[in-house]
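Marked as ATP binding site by TrEMBL: Gly94, Gln95, Thr96, Gly97, Thr98, Gly99, Lys100, Thr101. Residues annotated as coiled coil in TrEMBL: 379-417, 459-528. What TrEMBL records for 231-241, 558-568 is compositional bias 'Polar residues'. Per TrEMBL, the feature domain 'Kinesin motor' maps to 9-352. Feature annotation from TrEMBL assigns region 'Disordered' to 224-245, 540-570. If you look up TrEMBL, you'll see 584-626, 625-658 marked as repeat 'ARM'.
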Amino acid sequence: LCFSSVPGRVRVAVRLRPRTAEESVADADFADCVELQPELKRLKLRKNNWDTDTYEFDEVLTEFASQKRVYEVVAKPVVEGVLDGYNGTIMAYGQTGTGKTYTLGRLGEEDTANRGIMVRAMEDILAEVSPEIDSVLVSYLQLYMESLQDLLDPTNDNISIVEEPKSGDVSLPGATLVEIRDQLSFLELLRLGEAHRHAANTKLNTESSRSHALLMVHVKRTVKGREPAHSSDNGNSTSMARSLRPPLVRKGKLVVVDLAGSERIDKSGSDGHTREEAKSINLSLSALGKCINALAENSAHVPVRDSKLTRLLRDSFGGTARTSLVITVGPSPRHRGETASTIMFGQRAMKVENMLKLKEEFDYKSLARRLDIQLDKLIMEHERKQKAFEVEIERIKAEAQNRISEAERNYADAVEKERLKYQKDYMESIKKLEEKWMMNQQNQGNERKEQMVHIAEEVAEVKKLLSKETSLRKAAEEEVDNLKSQLAQLKMSEASANSEILKLRKMVEDEVCQKEKLEGEISMLQSQLLHLSFEADETRKRLDRGGPGKVPGGLDSPVSQVRSQLKDSGNGEKASVAKLFEQVGLQRILSLLEAEDADVRIHAVKVVANLAAEETNQQKIVEAGGLKSLLMLLGSSEDETIHRVAAGAIANLAMNGK
C-alpha cells in the first residue's frame, strides 16, 4: 500500500436560500439580513440599518445559483480527487429549512436540472469507471439520537464504529454495501434510504430532517498504462514478469453528509419526542463545532470522541480527506442569530488544514484471477495430451491383451495335460489309502471297547456328584424359607416403628404449638413491662413536679388531693411492679437489658431501678447478676436516660453491698 501526502485546506462555500412565501409576507417591510457579493466572494451580515459585518469565503452562491453551478464549484473537485485515489467529504451545514437536503439529496425526478450533489457525483463516477475491472460500492446511513442506523436495512439499527489503531481510519463493518452498476439502481437506492429517514413537521420546516444522513461511496479503479521502473534484457523473463506483475489500483472514498439543521426550540415549536430529537441534534452539532474550533486553533486536544458524529467525520476535518463544506443561510432578519452562528462555523472551518493522502495498492486479487485463467488453459492442454496418451495406452493394452489370450490358451492346454496325469496318480493313491484305512479300523475296534469301559466309570462318578448337589440344593431352599420368615418379621417391626414415628411427630407438633403459645405470653409480658415502666416514669415526673413548696390560698385542698392520688398511684405502681416481678421473674427482666430495641432497654432499666429502690429486692438483683448487667449497659449505651437511671440503680445496689 502506497501513500503520498498533499496539504489541503477545507474549502467552504455559502449558499443563500430565496425567501419563502411565509417570509415574503412576514418580512415584507424588512430588508434581508445578508447581502452577497459573489464577484468578490464576500458576504455582508447586516447588524442593523447602518452597520454590517463582512466575511470572505471560497465561493459565494446567490439564491439564483443553479444546482449545476453549486455542484461544479463545491463537489466536482472532491469527486475528481476520489476518482484519483483520495478520500473526499462533501457536507452541508446550516439552520433547519435553509436548503441542505435540497442541495445534496435532490433526485430531480420532476426536473433533471434540480438534481442534487449526490446524484450528479454518482453520474460522474459511473462515467469514469470501467464495469469490468473497477467497482463502486455504496452505503447509506443515518445518525439518529446517537444511534447509527442502516437506511438500506432498517433492522440494522445499531452499527458499531471501528477505528484502525495505526492509521486512524474509520470503518463500519456492520453497514450494508451495495454494488452500483448504473444510475437507475443508485436512484432506487436513494429513494429507499429517504423513505426510512426520520423527518418531522416544525414551524421552520414542514419536512425537517431529524437525523444526520451519510452516503458513503467506495471507488476502486485500476490504473492503466503504468510500466515497471526496470526491465530485463531477456525477452522471456520480461514476458514472465509482466504476467506476474499485479495491476495497480487506487481506492477512494466519498462521504456526502447531510447534517440535520440546528434549531431553537422556541422558534421551531418542537415538543415531546420532537424536542428530544432537537436536543440530540444540537448536542452533536455542538460537539462538531468544538472539534472545528480546536482544529482551527491548532489545539493539542481535539474532542473527537464526544459524539458519534465527530468520530464519523474524523477523517474529514484534520484527517486525510479533501473536504468541501457548503453552509446554507436564509435571508430572514428574524433568524439573524442562527445565520451569524452558521457563518462563524464556516469561517472557523476554513482554518482547518487536512493532509490529503493518495491511496494506491497492487491488486493481487486481479493477478490471482489472471493466473487462474492461465492455469485453466494449461489444465486444458494437459487434459488434451492426457487424452491422446490414454488412447495410445488403450492401443498398447489391446495388443497386449491379444498376446495374453494366446498365452492363456497355451497354458490351459498344458495345465489340462498335467491335471489328467495328476488325477490318475490321485486315484491310485486313494486306493492305497483305503486299504490302509481298513486295516486301521480293525485295530481300532479293540481300542474302542476299552474306551467304553472307561466312560462307564466316569458316568458313575458324575451320578454321585449329582446326588450330592441335590442335597445341597435342598439345604439352600430351607435356608431361603428361613430368610423369608425373618423378612416378614422385619416388615412387621417396620410397621410398628412407623406408627411410633407418627406419634413422635404429633408430639413434636404439640411442642411447637406450646412453644408458640409461650412466645405469645412472653411478648404480652414484655408489653406489660414496657407499659408499667412508662407509667412509672410518668408518675415519677408528676411527683417531681408536685414537690414541697408554698401553695396559694384556696388551692391547698386541691393540691393535697392530687398528692394523695399520686401517692396512691405510686403505691399501685409498686404493687404492679412487684406482681410483674413475681410473674415474669427477675432473670427474664434482666435479659431485656440486652434487647436490640433502645426503647425496650430504657423501660427495662427503669423497672430494675424501681426494684433496686427496695431493700428486699437488692440482694436478689445482685445475686442474679443485675449489678453486672447494669454496669455493662452503662458502658455500652450512650443514651442519657439509661445513664441516669442505671447510675441510680447501681448506687442503690452498691449501698446494699456495704
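Using the three backbone atoms N, Cα and C, a Cβ is placed for every residue, glycine included.
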Protein Cβ atoms within 10 Å of Thr101 (ATP binding site), excluding its own: 24
Thr96 (ATP binding site) CB neighbourhood, other CB atoms within 10 A: 26
Least Cβ-crowded entry, counting other Cβ within 10 Å, from the binding-site residues listed as Gly94, Gly99: Gly99
Close approaches to the coiled coil (379-417) from elsewhere in its chain (Cβ under 8 angstroms; 6 or more beyond its ends): none
Other CB atoms within 10 A, centred on Gly97 (ATP binding site): 24
Set of same-chain residues at least 6 away whose C-beta sits under 8 angstroms from Thr98 (ATP binding site): Arg17, Gly261, Thr328, Val329, Gly330, Thr342
Whole-number mean of pLDDT values that fall within the coiled coil (459-528): 81
Close in space, distant in sequence - Lys100 (ATP binding site), Cβ under 8 Å, 6 or more apart: Ala92, Tyr93, Gly94, Ser209, Asp258, Leu259, Gly261, Thr328
